[in-house]
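Annotated features, as they stand in Swiss-Prot:
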BINDING   SER47, LEU48, ARG49, THR50, TRP75, ARG110, HIS147, PRO148, LEU149, GLN150, CYS274, LEU275, ARG302  carbamoyl phosphate binding site
BINDING   GLU142, HIS176, LYS236, ARG278  N(2)-succinyl-L-ornithine binding site
Amino acid sequence: MKKFTCVQDIGDLKSALAEAFEIQKDRFKYVELGRNKTLMMIFFNSSLRTRLSTQKAALNLGMNVMVLDINQGAWKLETERGVIMDGDKPEHLLEAIPVMGCYCDIIGVRSFARFEDRDFDYQETILNQFIQYSGRPVFSMEAATRHPLQSFADLITIEEYKKTARPKVVMTWAPHPRPLPQAVPNSFAEWMNATDYDFVITHPEGYELAPQFVGNAKVEYDQMKAFEGADFIYAKNWAAYTGDNYGQILSKDREWTVSDRQMAVTNNAFFMHCLPVRRNMIVTDDVIESPQSIVIPEAANREISATVVLKRLIEGLE
(Lines of atoms letter the chains of each structure in order from A and count residues from 1; the text may use other names and numbers.)
(Lines give C-alpha, C1' and ligand atoms only; values in the text may rest on other atoms or scores of the structure.)
Protein backbone atom coordinates (compact mmCIF):
# COMPACT_ATOMS: atom_id res chain seq x y z
CA MET A 1 0.00 0.00 0.00
CA LYS A 2 1.46 3.37 -1.05
CA LYS A 3 -1.06 5.72 0.58
CA PHE A 4 -4.16 5.59 2.75
CA THR A 5 -6.75 8.31 2.28
CA CYS A 6 -10.00 6.47 1.51
CA VAL A 7 -11.68 3.06 1.63
CA GLN A 8 -10.43 2.11 -1.83
CA ASP A 9 -6.82 2.25 -0.63
CA ILE A 10 -7.29 -0.56 1.89
CA GLY A 11 -8.37 -3.02 -0.80
CA ASP A 12 -10.47 -6.07 0.07
CA LEU A 13 -12.35 -5.35 3.30
CA LYS A 14 -12.59 -8.99 4.36
CA SER A 15 -8.81 -9.28 4.18
CA ALA A 16 -8.32 -6.02 6.08
CA LEU A 17 -10.76 -7.11 8.79
CA ALA A 18 -9.07 -10.50 9.13
CA GLU A 19 -5.76 -8.72 9.61
CA ALA A 20 -7.32 -6.40 12.18
CA PHE A 21 -8.67 -9.27 14.27
CA GLU A 22 -5.31 -11.03 14.04
CA ILE A 23 -3.60 -7.92 15.42
CA GLN A 24 -6.22 -7.57 18.15
CA LYS A 25 -5.11 -10.95 19.49
CA ASP A 26 -1.39 -10.12 19.34
CA ARG A 27 -0.62 -6.42 18.95
CA PHE A 28 3.13 -6.96 18.89
CA LYS A 29 3.20 -9.79 16.36
CA TYR A 30 4.92 -7.56 13.80
CA VAL A 31 7.13 -5.59 16.20
CA GLU A 32 10.22 -6.24 14.07
CA LEU A 33 8.59 -5.00 10.88
CA GLY A 34 9.15 -1.33 11.63
CA ARG A 35 12.67 -1.59 13.02
CA ASN A 36 14.80 1.35 11.78
CA LYS A 37 11.72 2.92 10.16
CA THR A 38 10.50 6.37 11.19
CA LEU A 39 6.95 7.71 11.22
CA MET A 40 6.40 11.46 11.13
CA MET A 41 3.00 12.63 12.36
CA ILE A 42 2.05 16.16 11.28
CA PHE A 43 -0.82 17.93 13.00
CA PHE A 44 -2.40 21.09 11.64
CA ASN A 45 -5.28 20.49 14.11
CA SER A 46 -5.76 19.17 17.63
CA SER A 47 -6.03 15.48 18.39
CA LEU A 48 -6.39 13.03 21.26
CA ARG A 49 -7.40 9.59 19.94
CA THR A 50 -5.67 9.95 16.58
CA ARG A 51 -2.43 11.14 18.13
CA LEU A 52 -2.30 8.48 20.85
CA SER A 53 -3.63 5.54 18.85
CA THR A 54 -1.35 6.16 15.87
CA GLN A 55 1.72 6.57 18.07
CA LYS A 56 0.80 3.36 19.88
CA ALA A 57 0.30 1.56 16.57
CA ALA A 58 3.75 2.67 15.41
CA LEU A 59 5.29 1.42 18.65
CA ASN A 60 3.48 -1.91 18.19
CA LEU A 61 5.38 -2.23 14.91
CA GLY A 62 8.75 -1.19 16.36
CA MET A 63 8.88 2.20 14.59
CA ASN A 64 10.51 5.42 15.67
CA VAL A 65 8.00 8.28 15.91
CA MET A 66 8.34 12.04 15.43
CA VAL A 67 5.42 14.41 16.05
CA LEU A 68 5.19 17.93 14.65
CA ASP A 69 2.44 20.36 15.64
CA ILE A 70 2.26 23.00 12.93
CA ASN A 71 2.11 26.57 14.29
CA GLN A 72 3.04 25.29 17.78
CA GLY A 73 6.81 24.98 18.00
CA ALA A 74 7.36 25.13 14.23
CA TRP A 75 7.26 27.96 11.71
CA LYS A 76 3.86 29.06 10.57
CA LEU A 77 3.38 27.67 7.08
CA GLU A 78 1.85 29.25 4.00
CA THR A 79 -0.25 26.69 2.11
CA GLU A 80 -1.33 28.49 -1.07
CA ARG A 81 0.71 29.16 -4.20
CA GLY A 82 0.93 32.69 -5.59
CA VAL A 83 0.74 34.38 -2.20
CA ILE A 84 3.16 37.25 -1.53
CA MET A 85 4.65 36.07 1.74
CA ASP A 86 4.92 39.40 3.55
CA GLY A 87 2.87 38.34 6.56
CA ASP A 88 3.45 36.15 9.62
CA LYS A 89 4.17 32.91 7.71
CA PRO A 90 7.92 32.67 6.98
CA GLU A 91 7.94 29.24 5.30
CA HIS A 92 5.94 27.70 2.49
CA LEU A 93 4.54 24.21 2.72
CA LEU A 94 6.06 23.36 -0.67
CA GLU A 95 9.56 23.67 0.81
CA ALA A 96 8.65 22.27 4.21
CA ILE A 97 7.07 19.08 2.83
CA PRO A 98 10.12 17.68 1.00
CA VAL A 99 12.30 18.62 3.98
CA MET A 100 10.01 16.59 6.25
CA GLY A 101 10.26 13.72 3.81
CA CYS A 102 14.06 13.70 4.23
CA TYR A 103 13.72 12.72 7.89
CA CYS A 104 11.23 9.86 7.80
CA ASP A 105 9.87 6.84 5.95
CA ILE A 106 6.10 7.39 6.31
CA ILE A 107 4.08 10.57 6.91
CA GLY A 108 0.69 10.96 8.60
CA VAL A 109 -1.18 14.25 8.09
CA ARG A 110 -4.09 15.75 10.02
CA SER A 111 -5.61 18.82 8.36
CA PHE A 112 -9.27 19.77 8.74
CA ALA A 113 -11.55 21.62 6.37
CA ARG A 114 -11.27 25.38 6.83
CA PHE A 115 -14.81 26.21 5.66
CA GLU A 116 -13.43 29.21 3.72
CA ASP A 117 -13.51 27.67 0.25
CA ARG A 118 -15.35 24.43 -0.49
CA ASP A 119 -13.26 23.72 -3.57
CA PHE A 120 -10.02 24.13 -1.61
CA ASP A 121 -11.32 21.77 1.07
CA TYR A 122 -12.84 19.14 -1.21
CA GLN A 123 -9.79 19.02 -3.46
CA GLU A 124 -7.85 17.97 -0.34
CA THR A 125 -5.26 20.59 -1.22
CA ILE A 126 -2.98 20.16 1.80
CA LEU A 127 -3.11 16.35 1.96
CA ASN A 128 -2.45 16.07 -1.76
CA GLN A 129 0.53 18.42 -1.52
CA PHE A 130 2.09 15.98 0.94
CA ILE A 131 1.36 13.07 -1.38
CA GLN A 132 2.86 14.94 -4.34
CA TYR A 133 5.95 16.54 -2.80
CA SER A 134 7.08 14.45 0.19
CA GLY A 135 8.45 11.46 -1.71
CA ARG A 136 7.04 9.24 1.05
CA PRO A 137 3.91 7.14 1.60
CA VAL A 138 1.27 9.38 3.16
CA PHE A 139 -1.80 8.50 5.19
CA SER A 140 -4.66 10.64 6.42
CA MET A 141 -5.10 11.20 10.14
CA GLU A 142 -8.27 13.14 9.19
CA ALA A 143 -8.35 15.45 6.24
CA ALA A 144 -10.89 17.92 4.90
CA THR A 145 -13.27 15.32 3.46
CA ARG A 146 -12.49 11.97 5.12
CA HIS A 147 -11.27 10.32 8.32
CA PRO A 148 -10.41 6.79 7.13
CA LEU A 149 -8.59 5.61 10.27
CA GLN A 150 -11.77 6.36 12.24
CA SER A 151 -14.04 4.69 9.69
CA PHE A 152 -11.89 1.56 9.57
CA ALA A 153 -12.09 1.37 13.38
CA ASP A 154 -15.86 1.86 13.15
CA LEU A 155 -16.13 -1.04 10.72
CA ILE A 156 -14.03 -3.27 12.98
CA THR A 157 -16.32 -2.37 15.90
CA ILE A 158 -19.51 -3.14 13.99
CA GLU A 159 -18.09 -6.49 12.87
CA GLU A 160 -17.25 -7.29 16.50
CA TYR A 161 -20.67 -6.46 17.88
CA LYS A 162 -23.12 -7.30 15.11
CA LYS A 163 -25.68 -10.00 15.84
CA THR A 164 -26.89 -10.47 12.29
CA ALA A 165 -25.02 -10.85 9.01
CA ARG A 166 -26.56 -7.71 7.53
CA PRO A 167 -27.20 -5.22 10.34
CA LYS A 168 -29.14 -2.00 9.93
CA VAL A 169 -26.72 0.88 10.52
CA VAL A 170 -28.10 4.40 10.90
CA MET A 171 -25.93 7.51 10.83
CA THR A 172 -27.79 10.40 12.40
CA TRP A 173 -27.01 14.10 12.44
CA ALA A 174 -27.19 15.65 15.91
CA PRO A 175 -26.91 19.26 17.11
CA HIS A 176 -23.68 20.95 18.14
CA PRO A 177 -22.84 24.53 19.18
CA ARG A 178 -20.06 24.84 16.58
CA PRO A 179 -19.90 24.01 12.85
CA LEU A 180 -18.03 20.73 12.38
CA PRO A 181 -16.44 19.34 9.20
CA GLN A 182 -18.10 16.64 7.12
CA ALA A 183 -14.99 14.41 7.19
CA VAL A 184 -16.25 11.83 9.68
CA PRO A 185 -19.77 11.43 8.24
CA ASN A 186 -18.42 11.45 4.67
CA SER A 187 -15.92 8.78 5.52
CA PHE A 188 -18.32 6.66 7.57
CA ALA A 189 -20.80 6.71 4.68
CA GLU A 190 -18.08 5.75 2.21
CA TRP A 191 -17.01 2.76 4.29
CA MET A 192 -20.56 1.62 5.04
CA ASN A 193 -21.41 1.79 1.34
CA ALA A 194 -18.49 -0.57 0.71
CA THR A 195 -20.26 -3.23 2.82
CA ASP A 196 -23.58 -4.99 2.31
CA TYR A 197 -25.09 -3.45 5.46
CA ASP A 198 -28.53 -1.85 5.40
CA PHE A 199 -27.24 1.72 5.67
CA VAL A 200 -29.44 4.77 6.35
CA ILE A 201 -28.50 8.44 6.78
CA THR A 202 -30.87 10.74 8.65
CA HIS A 203 -30.60 14.50 9.08
CA PRO A 204 -32.71 17.67 8.84
CA GLU A 205 -33.25 19.13 5.40
CA GLY A 206 -30.31 21.27 4.35
CA TYR A 207 -27.68 18.95 5.79
CA GLU A 208 -27.29 16.76 2.70
CA LEU A 209 -23.76 15.41 2.28
CA ALA A 210 -21.87 15.40 -1.01
CA PRO A 211 -23.48 12.87 -3.39
CA GLN A 212 -20.23 10.94 -3.90
CA PHE A 213 -20.28 10.03 -0.21
CA VAL A 214 -24.01 9.40 0.16
CA GLY A 215 -23.77 6.84 -2.62
CA ASN A 216 -26.53 4.24 -2.44
CA ALA A 217 -27.46 4.96 1.16
CA LYS A 218 -31.09 5.65 1.96
CA VAL A 219 -31.61 9.22 3.16
CA GLU A 220 -34.46 9.68 5.64
CA TYR A 221 -35.45 13.10 7.00
CA ASP A 222 -37.65 11.60 9.75
CA GLN A 223 -35.22 10.56 12.48
CA MET A 224 -37.68 8.35 14.36
CA LYS A 225 -38.57 6.49 11.19
CA ALA A 226 -34.89 6.01 10.37
CA PHE A 227 -34.19 4.56 13.83
CA GLU A 228 -36.88 1.89 13.58
CA GLY A 229 -35.31 -1.56 13.84
CA ALA A 230 -31.75 -0.23 13.76
CA ASP A 231 -28.92 -2.40 15.09
CA PHE A 232 -26.34 0.39 15.28
CA ILE A 233 -26.79 4.14 15.75
CA TYR A 234 -23.85 6.30 14.71
CA ALA A 235 -24.34 9.90 15.86
CA LYS A 236 -22.38 12.83 14.46
CA ASN A 237 -22.79 16.52 13.86
CA TRP A 238 -21.74 18.16 10.62
CA ALA A 239 -22.10 21.62 9.12
CA ALA A 240 -23.95 22.27 5.88
CA TYR A 241 -22.29 21.21 2.63
CA THR A 242 -24.54 22.63 -0.06
CA GLY A 243 -24.25 25.96 -1.86
CA ASP A 244 -23.79 29.22 -0.02
CA ASN A 245 -24.51 27.47 3.28
CA TYR A 246 -21.22 25.57 3.17
CA GLY A 247 -19.71 25.35 6.65
CA GLN A 248 -22.70 26.93 8.38
CA ILE A 249 -24.98 25.81 11.20
CA LEU A 250 -28.56 25.63 9.96
CA SER A 251 -30.11 24.11 13.07
CA LYS A 252 -29.43 23.37 16.74
CA ASP A 253 -32.70 21.49 17.16
CA ARG A 254 -32.26 19.33 20.26
CA GLU A 255 -35.13 17.13 19.15
CA TRP A 256 -32.34 15.44 17.15
CA THR A 257 -30.27 14.74 20.30
CA VAL A 258 -30.07 10.96 20.63
CA SER A 259 -32.03 9.98 23.73
CA ASP A 260 -33.95 7.03 25.15
CA ARG A 261 -36.93 8.24 23.11
CA GLN A 262 -35.23 7.46 19.80
CA MET A 263 -33.35 4.41 21.03
CA ALA A 264 -36.62 2.83 22.16
CA VAL A 265 -37.69 2.19 18.55
CA THR A 266 -34.42 0.49 17.59
CA ASN A 267 -33.57 -3.19 17.76
CA ASN A 268 -31.78 -2.61 21.09
CA ALA A 269 -29.18 -0.80 19.00
CA PHE A 270 -25.60 -0.18 19.95
CA PHE A 271 -24.68 3.50 20.20
CA MET A 272 -21.52 4.74 18.47
CA HIS A 273 -19.70 8.07 18.24
CA CYS A 274 -16.15 8.92 17.16
CA LEU A 275 -15.55 11.16 20.22
CA PRO A 276 -15.11 13.77 21.56
CA VAL A 277 -18.83 14.11 22.18
CA ARG A 278 -20.91 16.98 23.56
CA ARG A 279 -23.16 15.32 26.11
CA ASN A 280 -26.80 16.37 26.05
CA MET A 281 -26.27 18.00 22.67
CA ILE A 282 -25.26 15.00 20.55
CA VAL A 283 -26.44 12.32 23.00
CA THR A 284 -27.93 12.20 26.46
CA ASP A 285 -26.04 10.96 29.51
CA ASP A 286 -28.35 7.98 29.81
CA VAL A 287 -27.65 6.72 26.28
CA ILE A 288 -23.89 7.18 26.27
CA GLU A 289 -23.61 5.57 29.71
CA SER A 290 -25.91 2.66 28.85
CA PRO A 291 -24.69 -0.93 28.33
CA GLN A 292 -25.43 -0.47 24.61
CA SER A 293 -22.89 2.34 24.28
CA ILE A 294 -19.73 1.04 22.61
CA VAL A 295 -17.88 4.32 22.21
CA ILE A 296 -14.92 3.12 24.31
CA PRO A 297 -14.35 -0.17 22.42
CA GLU A 298 -14.78 1.88 19.25
CA ALA A 299 -12.02 4.25 20.38
CA ALA A 300 -9.82 1.30 21.40
CA ASN A 301 -10.09 -0.04 17.86
CA ARG A 302 -8.38 3.11 16.59
CA GLU A 303 -5.11 1.47 17.65
CA ILE A 304 -6.01 -1.63 15.64
CA SER A 305 -6.98 0.21 12.46
CA ALA A 306 -3.82 2.32 12.62
CA THR A 307 -1.64 -0.75 13.17
CA VAL A 308 -3.07 -2.46 10.08
CA VAL A 309 -2.59 0.66 7.96
CA LEU A 310 0.98 1.30 9.11
CA LYS A 311 1.86 -2.38 8.67
CA ARG A 312 0.68 -2.28 5.06
CA LEU A 313 2.49 1.00 4.37
CA ILE A 314 5.73 -0.43 5.77
CA GLU A 315 5.30 -3.54 3.62
CA GLY A 316 4.83 -1.25 0.64
CA LEU A 317 8.29 0.25 1.24
CA GLU A 318 10.00 -3.04 0.45
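Each Cβ is built from the backbone N, Cα and C atoms, and glycine gets one as well.
What you are looking at is a predicted structure, and each value in this text was computed from that prediction instead of being measured.
Taking the Cα atom of each, ARG302 (carbamoyl phosphate binding site) and LYS236 (N(2)-succinyl-L-ornithine binding site) are about 17 angstrom apart. Separating the Cα atoms of LYS236 (N(2)-succinyl-L-ornithine binding site) and ARG49 (carbamoyl phosphate binding site) is a whole-number distance of 16 Å. Mapped onto three states, the DSSP output places LEU149 (carbamoyl phosphate binding site) in helix.
If you count neighbouring Cβ atoms within 10 Å for each of the binding-site residues ARG278, ARG302, the highest count belongs to ARG302. Here the binding-site residues are GLU142, LYS236, and the one with the most other Cβ atoms within 10 Å of its Cβ is GLU142. In the three-state DSSP classification, LYS236 (N(2)-succinyl-L-ornithine binding site) falls within a strand.
Each of the binding-site residues ARG49, HIS147, HIS176 was assessed for Cβ neighbours inside 10 Å, and the highest tally belongs to HIS147.
The two recorded residues, ARG49 (carbamoyl phosphate binding site) and GLU142 (N(2)-succinyl-L-ornithine binding site), show a Cα separation of 11 Å. Most other Cβ atoms within 10 A: among the binding-site residues LEU149, CYS274, that distinction falls to LEU149. Taking SER47, TRP75, HIS147, LEU149 as the binding-site residues under consideration, the smallest Cα distance to ARG278 (N(2)-succinyl-L-ornithine binding site) is found for SER47.
Between the CA atoms of HIS176 (N(2)-succinyl-L-ornithine binding site) and CYS274 (carbamoyl phosphate binding site) there is a gap of 14 Å. Of all the binding-site residues given, namely TRP75, LEU149, CYS274, those whose Cα is no farther than the 10 Å limit from the Cα of GLU142 (N(2)-succinyl-L-ornithine binding site) are LEU149. If you take the C-beta of SER47 (carbamoyl phosphate binding site) and look for same-chain residues 6 or more apart in sequence within under 8 angstroms, you find ARG110, MET141, GLU142.
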